[in-house]
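Below is one structure, written out as structure tokens; comments come after it.
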Amino acid sequence: ECATKNKRCADWAGPWCCDGLYCSCRSYPGCMCRPSS
């Protein structure tokens, strides 16, 4: 099951972001899925 926009994600262990999203780790605390466009 993939993580949707603005949900938490992890580059290394999951959950993975849904299609069209990437895992951004700039926000605190932790990583969030952001649109890749």
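A Cβ is built for glycine as well, from the same backbone N, Cα and C atoms used for every other residue.
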Among Cys18, Cys23, cysteine joined to Cys9 by disulfide in Swiss-Prot: Cys23
Recorded disulfide partner - Cys31, candidates Cys25, Cys33, source Swiss-Prot: Cys25
Alpha-carbon spacing, Cys23 (disulfide bond) to Ser37 (serine amide), which is rounded to whole Å: 13
Alpha-carbon spacing, Cys2 (disulfide bond) to Cys17 (disulfide bond), which is rounded to whole Å: 5
